[in-house]
Structures are given as C-alpha cells and as structure tokens.
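For reference, the structure discussed in these notes is given below.
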Amino acid sequence: MANSQRSSSLIDPRNGFCTSNSTFYSKRKPLALPSKESLDITTFISSQTYRGKTAFIDAATDHRISFSDLWMAVDRVADCLLHDVGIRRGDVVLVLSPNTISIPIVCLSVMSLGAVLTTANPLNTASEILRQIADSNPKLAFTTPELAPKIASSGISIVLERVEDTLRVPRGLKVVGNLTEMMKKEPSGQAVRNQVHKDDTAMLLYSSGTTGRSKGVNSSHGNLIAHVARYIAEPFEQPQQTFICTVPLFHTFGLLNFVLATLALGTTVVILPRFDLGEMMAAVEKYRATTLILVPPVLVTMINKADQIMKKYDVSFLRTVRCGGAPLSKEVTQGFMKKYPTVDVYQGYALTESNGAGASIESVEESRRYGAVGLLSCGVEARIVDPNTGQVMGLNQTGELWLKGPSIAKGYFRNEEEIITSEGWLKTGDLCYIDNDGFLFIVDRLKELIKYKGYQVPPAELEALLLNHPDILDAAVIPFPDKEAGQFPMAYVARKPESNLCEKKVIDFISKQVAPYKKIRKVAFIDSIPKTPSGKTLRKDLIKFAISKI
C-alpha cells in the first residue's frame, strides 16, 4: 500500500484527494490537540471556558444542575470512589441505567481516576448483560433497583442513586454506596490520585463489530480528547443553545454528544429518560430547545406527524436537527424541510470505533448535497479500498472506507480481529465513495448489521438462537426495509422434515431470549439457505428475494 505521507502540493483543494498516496484529507479546519501527555478527558473538558449556567435539566422532574455544581459533584464522587470504594486506574466500572442527569457525573468521575467506563443497554436481557460482564470484568456497577436483578448473580458491588433505593434491591447484592450521599460528601483531602495518560483506556463500549459478534472497543483519553477538540475547533452551535437528548446515554452516540462534547461547549442539555415523541416535543416547547440530535426513524415520525405536532406544540425556537445512525435519503430530507421550513437538517457518519470521527454536514449549503453524509471530519484521513484486491481507489470509486486519525480507537478488547491496521487505518466495513467535492456517500454495509431504530442488531446472534430450536434445520437473518424503523430483523428458516413450525412460533421463540429491539418481526420458510462453496450464507441473495416480494 502506498505511503501515507501527505504532500500538500498534490492535494486537490476541491476534494482533499492526494494523488501521491490515494488518500483523502479533510477540508475542515486543522485539528489542534493539547501536547500534554498526562491528561484525562474529564480534566480537558473541565478546563474549557463556559458561558452558559445550566449544564443539564431532567425533563421528567425539571431538576437542574449548573456547571459549577456538576464539577463539584464529579470531584466528590471521584473522591468517594477512590478512597471509600477502592477504585483505581485501570479498574472497569459499569453503568447500567436509563437516561438520568446523574450519568454524566458518574462517567466523568470514573474517567477522572483513570478507571475504565463501560456501559450496557438496560433493555438487554440478564443473560446478555452477564455475558458482557464476564468479558469486561467490572469491579463496580452503577445501577437502579429496577435493573439490579439483572446483575444479581454476577457478584459485583453496586452503587445506587438514592439511600432509599437500598431497600428495593434483591438480597445478596453488595451495595457499597449511593450517589446522592457521594455528591454531598466533602472531599477527603487524602493522597493525590494516580496520574492518567492520554494513551490510557478511558471507555470500553460494546460494538457489534464487522462480523456481528459483540466486542468491546478500547478508546483512550486521547481518542476522546480529539473528539471534543473537534467540537471546540468548529463549534456547531453557540453556547446559549439548548439541546434535547432523546438518544440513550449508554450508547456511543449519546455519550460522545451529551456527556462530553456539548458539555465542553457550555451548552444546556435537557435529558429525557426515554424516547417518546410527545414528551420530546413538550420538552422542545417548555425549554425553548434549539437543537435536536436524532436517529432517522424519529425524523420520519416527525414528518408523518408534522400537522399534529405543529398544532399542539410551539417549535418556533427549534433551529437545527442533527441526525446520525444511518444515511438520510433525499426524500426524507426534503420532506422534513417542507414540513419544518425554519429548521435545518444536518447529518453525519461515525462508528463506535471512530469515536465520532467520520464525516458530517456543517452548513445549509452542504445539506443540499442530498444523499451525502458530509465532508470528512477535521483531523480525519480516508481511503477507499477494494475489499477483494486491497487496491486503494480514487474519486467516485466505490470500495470499503478506511479511516485514520487521533479519534480512532485503540482496538478491540480481548479480540484478535484486525480491523485496525498496523498503520492505524480503521476498516469500517462500509462500502462508500467520495465525490469530486469531497462529500462521502454510503453505498452499502459490508458488515451486514441490521439497524433497527438506531440500534445495531447482529444477524449472527439471532441465527445462533434459531439453530437451537428443535424444528429448525438452518436459518439466516436479514435486514428487512421498514419506513418507520429503517430496518427490522427478518428470518429465513429451513424447517426439518415433517415439521409444522409456523411464523408465530419462531417469533415467540426468539422474543423470549432477546431485548425488544432484537426481536424477529417477519419469518419466511425456505427449503434451504443459499450459501457459497465455502459455506457462507448468501445474505444479499436473500435480501434481494425478500425485497422483490414487497
């Protein structure tokens, strides 16, 4: 592969393409990163200048926390974790909780100590969460009385939010503290904490990965600092703006945006406990929200229910909707702008492994490039590589997107899969091309993940469960297109001879074993699953067949 050293004289300013190494460079402002090696993400964010007063608002209770109170709470919780609980640099701490304004405090406290933050989806079943615990081996978990039973058999110590929560958890769970008391306790003034380095792991977030198996992604403090530095370099909103957080904070999309980036900009974030269209629009009106960050299915719902929304809610302060998780079609973008003419729609592209780096739309003019996910993020390099030959390609040629930059994760935890090369290139698993003006277009997904309402569903996991059914000979799971959800899991099932297995029984069999977003919602029966000579499922053939029947 060509040497990645850039030659500015050979870089086309129109699209950022360098002919000497077939690499695309960002057209955005250069990324300025701190030179200090001993620096954690919490310290970096807290050192920023804030013009706003309120950091977070709980939409359910209207409870507010100011920036000054937030940092005081972060300091006190970190002190308790260090001296009372014994959390040290490198220890893993799990957060298993629905959205609350306590989550940013917990996350920032944990990472300030050099401990490693990991999160789990509250909707996951106990067995799914316990598998993740077995892999990441957390020393402590922050959770709620409602979710504590899911980790009761793990034996790990837990911290709850309130004192009274202790009475509501199963016997046998080791409760070592509550967040309310930790935030009130004066710092101990004891020994200085361990020094944290930028290369230390800060977060261990679980991504489905390119093969569909759940993997922990190791991201360093330096990776997260680079993500936040991009927002500081090109702040996409002014500090007086108000955001509504509807996305889950356990996910990279929520964590990177609302625990880190918007906090560094000094903006106010209103946190909803869960997504509900009515509650979201009521919060937009009540708090005069200016910015929404959404996944595409919510955008579609806002289009379909625009007339009811405009009659019931005052959305006059709303100026921007940012969308991620999947590309927006021209029809959806134009449909939204027609219904909400004073609101701009910007979209972006990133992965758990890239920590927010990828591409984004940053202006009204750029948003008119329909179908594109934007220009490369500042500090990002990209290559388009033929997935079969490994040849590096050029403008308007489709291949696998490779990304490089300071935000790219260190790699997978306890997994030898090489998706980050020795030169630091992240193989995204997405088929893309970059046009003459440097805009990135997503064509298809090599990784075969199903994206249901912004959630990633690995087909391999569902296929393994299906094959445990006594009447199923073989099975394949594919993404089936859906206007509201984007995609949902559909199963092709080869029944054993003499079996009278029906669609409902297959759906019920899976629904008892997985989180709601992973449920199979359509089943078709087939004599045999088409496969390559090497035994790999020809999933694309099944997708084409399913779509042809619509």
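Here the Cβ of each residue, glycine as well, is placed from N, Cα and C on the backbone.
Listed features, source Swiss-Prot:
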- Ser207, Ser208, Gly209, Thr210, Thr211, Lys215, Gln347, Gly348, Thr352, Asp430, Arg445, Lys536: ATP binding site (BINDING)
- Phe253, Gly325, Gln347, Gly348, Thr352, Lys447, Lys451: (E)-4-coumaroyl-AMP binding site (BINDING)
- Arg274, Lys453, Gly454: CoA binding site (BINDING)
- 276-347: region 'SBD1' (REGION)
- 348-412: region 'SBD2' (REGION)
**Item:** Arg274 (CoA binding site) versus Lys451 ((E)-4-coumaroyl-AMP binding site) - Cα distance in angstrom
**Value:** 19
**Prompt:** In Å, rounded, how far does the Cα of Arg274 (CoA binding site) sit from the Cα of Gly348 ((E)-4-coumaroyl-AMP binding site)?
**Reply:** 22
**Fill in**
Under a three-state DSSP reduction, the secondary structure at Gln347 (ATP binding site) is strand
**Prompt:** Whole-number Å distance between the CA of Thr352 (ATP binding site) and the CA of Gly325 ((E)-4-coumaroyl-AMP binding site)?
**Reply:** 11
**Prompt:** For Gly325 ((E)-4-coumaroyl-AMP binding site), which of the binding-site residues Ser207, Lys453, Gly454 has the nearest Cα in space?
**Reply:** Gly454
**Spatial neighbours, same chain, of Gly348 ((E)-4-coumaroyl-AMP binding site) - Cβ under 8 Å, 6+ residues apart** = Arg322, Cys323, Gly324, Gly358, Ala359, Ser360, Ile361, Val373, Gly374
**Request:** Specify the nearest of the binding-site residues Ser207, Phe253, Gln347 to Lys453 (CoA binding site), where nearness means the distance between Cα atoms.
**Result:** Phe253
**Asked** Relative to the Cα of Gly454 (CoA binding site), which of the binding-site residues Ser207, Phe253, Gln347 has the closest Cα?
**Response** Phe253
**Fill in**
Span of the recorded CoA site, as the biggest CA-CA distance among Arg274, Lys453, Gly454 in Å, is 14
**Complete:** According to DSSP, Lys453 (CoA binding site) sits in coil
**Prompt:** Out of Arg274, Lys451, Lys453, which of the binding-site residues has the smallest number of neighbouring Cβ atoms within 10 Å?
**Reply:** Arg274
**Inter-residue C-alpha distance, Gln347 (ATP binding site) and Phe253 ((E)-4-coumaroyl-AMP binding site) (nearest angstrom)** = 13
**Prompt:** Should Thr352 (ATP binding site) be counted as helix, strand, or coil on the basis of DSSP?
**Reply:** helix
**Message:** An 8 Å radius from the center of the Arg274, Lys453, Gly454 Cβ atoms defines the neighbourhood of the CoA site; name the other residues of that chain inside it, in order.
**Reply:** Thr246, Val247, Pro248, Phe275, Val295, Pro297, Val298, Tyr455, Tyr517
**Prompt:** Helix, strand or coil at Ser207 (ATP binding site), per DSSP?
**Reply:** strand
**Request:** Rounded to the nearest Å, what's the C-alpha distance separating Phe253 ((E)-4-coumaroyl-AMP binding site) and Ser207 (ATP binding site)? Just drop the number here, would you?
**Result:** 12
